[in-house]
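Visitor: There's a structure below that I have some questions on.
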Amino acid sequence: MDHRLSRGSWVPVTGLVICLLLCACVVDLVLAQIRYSIPEELEHGAFVGNIAEDLGLDVAKLSARRFRIVSGAKKQYLEVNLENGILFVNEKIDREELCERSPNCFLHLQVVIENPLELYRVEVEILDVNDNSPSFPWSEFNLDITESAAPGSRFPLESAQDQDVGTNSLRSYQLSANEHFVLNIQTRNDGSKFAELVLDTPLDREQQKKHEMILTAFDGGSPERSGTALITITVLDANDNVPVFDRSVYRASLVENAPRGTLVLKLNATDLDEGSNGEVTYAFSGHAPLKVRELFSVDPYMGEVRVKGVVDYEKASVYELYVQAKDRGPSAVAVHSKVLVDILDVNDNAPEVILTSVSTPVQEDAPPGTVIAVISVMDRDSGENGNVDCQIPSTVPFQLHSSFKNYYTLVTSEFLDREAVSEYNITLTARDLGSPSLSTRKTILVQVSDINDNPPRFSQPSYTVYVTENNAPGASICSVTAFDPDSNQNAYLSYSILEGQIQGMPVSTYVSINSDNGNIYALRSFDYEQLRNFQILVQAQDAGFPPLASNVTVNVFVLDQNDNAPVIVSPLPKNGTVATEVVPRSVDAGYLVTKITALDADAGQNSRLSYQVLQATDPGLFSVALYTGEIRTIRRLVEKDATRQRLVILVKDNGQPPLSATVSIVLTVVDSVPESLSDFGDLTLSPQPPSNLALYLIVSLSTISLIFLVAIIVLAAVKCYKDSETLSGYNLPPLACCCCGGFQPEPPPEVFKKSNLNLQISSAAKVPTNCMEVNGNSSLSQSYCYKVCLTPESAKSDFMFLKPCSPSSTPRNNEAKSAENSWNAQSRSASVNNGATTPNELKQPNTDWTLTKNQNSSIKSYNSINMDGTLMRKAMHADPENYVTSMAPGQYWTWGTHMRDYKMSPSPSGLPSRPWTPRCTPPPQQQQPSIPSHPHPHPPPDYHHNVYIPGTPSGFCTLRPTAQRSELDVHNSFSTFGKKRQERMPFWTSVFVLCAAWPSALSVTRYSIAEEMERGSVVANLAADLGLDPGGLAQREVKLDIFTSKKYLDFNKKTGELYIVEKMDREYLCPAKPTSCFLKLDVIIESPLRIFNIELGITDINDNAPHFRRDRVELDVSESATPGERFSLPNAVDPDVGINTIKTYKLSVSEHFTIEIQTGSDGTQYVDLVLTKSLDREEKAVHNLILTAVDGGVPVRSGTANIIVRVQDTNDNPPRFDKQTYTINMTENSPIGALVMKLNATDLDEGLNSEIVYSFTLYTSEKTQDVFAMNPNTGEITVKGTIDYEDMKFYEMHIEARDKGAHPLLGQCKVVVHVTDMNDNYPEITIQSVKNTVDENIPVGSVIALVGISDRDTGENGKVSLSIHQRMPFILNESSDRPMHYKLIVSEPLDRETVPEYEIMLIVTDAGKPPLSDNETITVHLLDVNDNAPQFPQSFNTIRVMENNAPGALLSSLTAFDPDLHENQYLVYFIIEKEIANTSMNSVISERNSTVADSTLVSNDAYWYSLFLAETRKGKLVVRQPVPKGSRYIVSSIPRGTGLTDTSDSAASTLQ
């Protein structure tokens, strides 16, 4: 045992020395390295090298030593043939795929050989071959280059790509031959090349729009390869051509009054440019006057000149249109042309109809020949086109008379009837004699005023009314309606009931009528039994003067109601007893016993009675006839029938509801009639036995009744006497106060509350307040007498103080109305008598007559300055259709020849806010008009209007109905002269006067004055010039009819002078600027009538300064405009004419501009602004000029306008960076989105020309563009990708700034970004080779793994160190020739039983700040070797066994332990001793199994037997046979093991 221990302590020392020696050998082997070079794209199996020979290895042992190649590539490109040791190509190698564009490409291999472990490094260099041709991203490139690009302009092209490297990569570019472009080849800082296209000669799009060239890229390989791309250059248009008109002057003819939209001509201007530069727009130039712009329009795109307004030959025969054409490109220049439009005259002016005077309404009784209107016509055309003929329809009762040229009078031809036709719309047709003929229609509304010539007419010749009896007093029973075809007051009807009597009583006590609507009311409840029908006479009377009336008969029939019950006539009870009848017992069936007789006061079905038995002692014995009331026997009487039979008979009428009465009859059955009279004792209602008491009672009742009757008569007489005294002043009939005799007492107040009563107390002071009328339907059983009390006026009218019970209704035909048509004496006198019903009550007319608003069309407005005759002639020019003269305080209103000063209360706004109602007082003779006796009298003296022709007509006459009334609204003032009717001139006399006065009207007197003369200035002495006597003018009416909207002139009748009352403005009177301006007026003088035509010429004075329509004119002129270009300026306007109008223009001093003045065919001067010197917006953006227009008047007047010339920018300045080169330091690993810098480029231009877009140029490599991003709008450069110092130390970016102009210009700069290294890369551990499983007895110094470390950082950040995390029996040795490579070596002996597995954590740490580290864990498993013998827990065991033990019994169990694994730990037990009780066991064991440790024995689970003991595999001893007493045995076992030479220790056991 000790020997083993000493030997075990020597073995580790020896093993350590051996391991160190082996380690030295292995290190030398690992350091060996070889290198091969092969071209790419070799086929499979291509020879690389004999690696076994190069490494000095035995080819025969390659397989035994497990020779293998380890590669870090994704594919196994190379393989070794183990039979011959040759390294060959296993898969085709593509250098571009393996190493991309790296200049050197290596394939690193690790060769590993075991037994012993040897490592070799092999590098295979992959050489590039020219297997890739240069290629462009696209086969065709399109470039857009403006034709204005200057020679020398550069245009970068897309670079070609060649995957090869070195001499096989891209070498050069070549461009196909052309006359405009050359190629410039540039090299980037990374060595890549790209090409730029350089413009050599200028381009002209109009000559050639496209250029095609072939760009070829060549590499430097052999054979040479190339790639091509087609470059298509599209020449963009520059606005270098101006539009050109095909004519300098256009001429066209146009018919006047051509419809709007008519095409005059089409302009044509062409521009050789294209796109917006070639799109021509047309417009009027600044020379075109406003009038031309209002008449014509120019389509901006089509160039069509069309009619926009009304072209009138009479205003102008030729129009000059100044037009311009301009393209839509930048810096567009306008070109000008002139269009002459000749206007062709046609008969385009229809005749004009002017109502000089209209007299409407006209009374319907006006005699034929009454003048209604005076009409004048005119036609602006001349010759036959100006001759006019007028006509009216022949169907109207009017005629048109013409005594002078173009003047007509409209007169009545027959009597009028307003009820047949209330108004006439007379269409006057004026037709000229032109070709084609034109006509004008004017409608004259003639209203016919009403006179009271029609009596009222009832809708029915008579009325029949049916009223049910017991009607409610005050209820409406019917309504009568009358119609009066007259109007206004003449049609206002009132209804009344004529006096009459019904059954001796006045009609007014039975019925009443509503005077407004004709509703008839019953004043009492009718009783059919007393009054079955009656007649009343209703009269309808109008409110005309004199009033007319008509009557109608109303037949009232009272209808019966079932209000009376049947009355039994016979048999009657006697003395309060039941009626009795005697029936012989021997009668047969059908015997007539008696007959019931009854009466009913009603009529018809209400009085038809029926009988029936209501109650009977024996119902089967007697019957009653249904309609006759006869009581007959049904059968023969028998002995058992009662001798007394009682019948109750019901009598019922046939009304609704039916009423009935009953009668009781006692029938006595007797054998013979005399004997049956005394047997009444057993009846129920038998009378009392006769005695004297009945007589006493009768006498008493008679006396009391007589006394009561006398008392009632006395009380009634006293009552009537008192009432007669109270009503003695009213002449009431005797029965007026006691309709029913007063036999019933007055009911208490509660009766009225419970009854349906409608009461109305009379308001008359003389009638007692307790006198009332009541009506109602009481529910009480007793009847009431209704007392009717009337006011004193009730005898004169039909008004009753009784409120009708029917629903209220509005009057149908007598509503409150205002006079809407005419205002005459009849309506004035009748307007105050609406309430009168008889002529005696007609009230006198008021002295103040109310003039309603609806009569304002017949009223003339006069200014207070000239109240004696001159009228307004025309409506306002601004709104001739809707103009209504406003009435202000102080104006005079006339009716006929009478004028009154009517003051009106103005509203806060100065105008009347409500209808005005002026009052006028009639002449004294009209204060008390007499009432004529004839049926249709003429009204009181009124005004008759004699209408005279005032002179030349006006053109602003409009007749139209007003919106609220049917009166004629004449928006044309006219002169009327009123005279009383009895002084009216006959019609033919009027015509004669007109004919005599007309020659004087044909002459025209002309005057001339200057405008703006002061008020009161005398124009001329008309009396002297016209040969009039000034002294006689005061007694004659003199009127001035001026054809203007203002009253400029007036006439002084005392001096005969025509003077100015308001300043005249020639420009206002003649706005069209004619050479002559006239004011026309007519002087009309009465008694006799004379008309003079006056023309007043208004001469111009220089009272208006020239002025521009806009005092500020803005022009946009491009800075690229060439000197000599012209720009139209707006003309000034001067309302004056002749020498007073504009003479010349002047421009303020300017070094860039001047003006040129041109004169049109009509004498109008036009001014152009001419550029004399080139503009530069960057020097001066705005030029302020003053244009002055000067007229030729005295004194000279002028007007100015500010000309603001805004210089429009052209793209003539490229963007400029503030630096050409920017240098930036940036740390690596900057976050994405971090701002690198913000570029700043400025452009002196403005608008789009100054808006800059930033971008990378082609000088910037793609790798740089992948790392950085450029914001095109702000110029901010931000981090886009990962900045890695280890990848690239600096980046170079070439930036260009390009503006957004039509022809963009650009500027360039360079940005250099230096990357600052950061300790951002963790050290890396590369396990190049490792043995994860080793024997536990591996020698010390053996290499377990080869480890390489690296760090992509540089400097201190890239210095790394490798260590083991914790102490282990391993060490790291750094290679001397290969820095940063380590070997993991066993430094101490290993024992699997102590540590079966090692987790070796290798930690690599750099020297950066802060330091970064990484770790890698290598797991080493120790394989077990059989280096441990089995061990028993005890070295000696004693087993005690009882004697006579049973064979096979278990004695004891022994267990041994082996720390090894698997088969080294598998134990087998056996007995070592050979002798037990002088018995050898060896022979037994040998016989059983010659090999103790044979695996077969163990695997078969065999047992060793001895004479006494047997052992199982688990070390249990079993007694096979009895053991002799005192015997002692030593048992030992040998465990099973895998070692071939090892001997297990044994443990002895004593068996006793």
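Each residue, glycine too, has its Cβ placed from N, Cα and C.
Predicted automatically and left uncurated, TrEMBL annotations should be read as such.
Taken from TrEMBL, the feature signal peptide applies to 1-32. Residues annotated as domain 'Cadherin' in TrEMBL: 30-136, 137-245, 246-353, 354-458, 459-568, 583-689, 1001-1108, 1109-1217, 1218-1325, 1326-1432. Residues or ranges marked as transmembrane segment by TrEMBL: 693-718, 987-1009. Annotation comment: TrEMBL describes 806-853, 904-943 as region 'Disordered'. Residues or ranges marked as compositional bias 'Polar residues' by TrEMBL: 819-853. Taken from TrEMBL, the feature compositional bias 'Pro residues' covers 920-938.
Explain the structural surroundings of these features, please.
Guide: Confidence over the domain 'Cadherin' (137-245), given as mean pLDDT on the 0 to 100 scale, stands at 89.
Residue counts for the domain 'Cadherin' (246-353) under DSSP (helix as H, G, I; strand as E, B; rest coil) come to 9 helix, 47 strand, 52 coil.
Counting residues of the domain 'Cadherin' (1001-1108) by DSSP class, helix then strand then coil, yields 17 helix, 44 strand, 47 coil.
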Visitor: Assess whether the domain 'Cadherin' (246-353) lies in contact with the domain 'Cadherin' (1109-1217), where contact requires at least three Cβ pairs under 8 Å among residues 6 or more apart in sequence.
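Guide: Answer yes: the domain 'Cadherin' (246-353) meets the domain 'Cadherin' (1109-1217) with 3 or more Cβ pairs below 8 Å.
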Visitor: Which one, 354-458, 459-568, 1001-1108, 1109-1217, 1218-1325, has the most C-beta pairs under 8 Å toward the domain 'Cadherin' (137-245)?
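Guide: The listed stretch sharing the most Cβ pairs with the domain 'Cadherin' (137-245) is 1218-1325.
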Visitor: Per DSSP, what is the residue tally for the domain 'Cadherin' (1109-1217) in helix, strand and coil?
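Guide: Residue counts in helix, strand and coil order: 3 helix, 55 strand, 51 coil.
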Visitor: Take the domain 'Cadherin' (354-458) and count its residues per DSSP category (helix H/G/I, strand E/B, coil), listing them in that order.
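Guide: Grouping H, G, I as helix and E, B as strand yields 4 helix, 55 strand, 46 coil.
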Visitor: By DSSP, what is the split of the domain 'Cadherin' (1326-1432) into helix, strand and coil residues?
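Guide: Taking each residue of the domain 'Cadherin' (1326-1432) in turn, the totals are 4 helix, 54 strand, 49 coil.
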